[in-house]
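Quick one: structure below, then a few questions.
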Ligand SMILES: [Zn+2]
């Protein structure tokens, strides 16, 4: 067995949570074509290969344009179920025990898809995988930040009547899409409303945007976790605060590479932040578009950044600690990981 195979096996064997994952970003080209055919939707790509060949991005916006086109094939409950099922099976193969899944209802409701269709399809797959495979998952309803706060508020109000029906799954609120020019302060009121309703809060910040967006997401939106947050390093006082308060950063290394946030993986700051004591985690973001699921992200970082097995296990430990799992489940996985780390 080569070192690479054994390292991949070690990574797969780490019980881990995936905390930064957009379900629409798990649509593989094959599934996009299958759903387009089923729903009679014409795609501007001749084949799976031409679509995959278009996955060369120069920045966040060039990716988002393609991402929204891909999501347009999602119409029925069955479509949302098939997408979610495919992701959960893939995550399970990577040793994911718990997944916190972001979804963008506005991408779908704007095309006439009912909120209920989105929830119902995803829930079917999530509950099935919980029963059949013991894989737990939760939903984070995310607002598109390039749209207005009023539209975000309407989306929240539209989803609220479904809360009770999906209260085993829907636990939180997120903020994603085009970061630059759409700072956290644009969404203060809708986050305030969500907080009052008892939702857990996360937001993308400091991916392409500056460190001040991370600060404002914490101070003005009162989020518990920062999605990405890699720009925090530009502000040493902020970095110290993140370490001191152990505020989780859900880092997505292969995404950062694909969207040119870092010129190559060897220059990524994941290992630096980890060694500084920050609560960093490794995630796949939009794995179908960025060339790798969560296991691939761990493995690529292990190679490019020289992460030790103890550090890889520490990253998995952080992912469980930073999750919104119930305390009992959290302790169970942490206990397993601590035992495993002792043996390294
Ligand atoms: Zn993201």
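The backbone N, Cα and C atoms fix where each Cβ goes, glycine too.
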For the Zn(2+) site that TrEMBL lists with 20, 22, 204, give the additional residue from the candidates 285, 296, 326.
285
With an 8 Å cut-off on Cβ-Cβ distance and a minimum sequence separation of at least 6, pull the same-chain contacts of residue 228 (site 'Important for catalytic activity'), or say none.
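For residue 228 (site 'Important for catalytic activity'), the qualifying residues are 20, 204, 205, 206, 207, 249, 250, 251, 252, 256.
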Below 8 Å Cβ to Cβ and six or more residues apart, same chain only. Which residues does that give for residue 22 (Zn(2+) binding site)?
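Listed in sequence order, they are 101, 102, 103, 104, 142, 176, 285, 286.
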Is any of 207, 228, 285, 286 (recorded positions) within Cβ reach of ligand 1, i.e. under 6 A, and which?
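Result: 285.
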Just to verify: the residue among 207, 285 with the fewest other Cβ atoms within 10 Å, which of the recorded positions is it?
207
So what's the average pLDDT for the domain 'Adenosine deaminase' (15-338)?
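The average pLDDT of the model in the domain 'Adenosine deaminase' (15-338) works out to 97.
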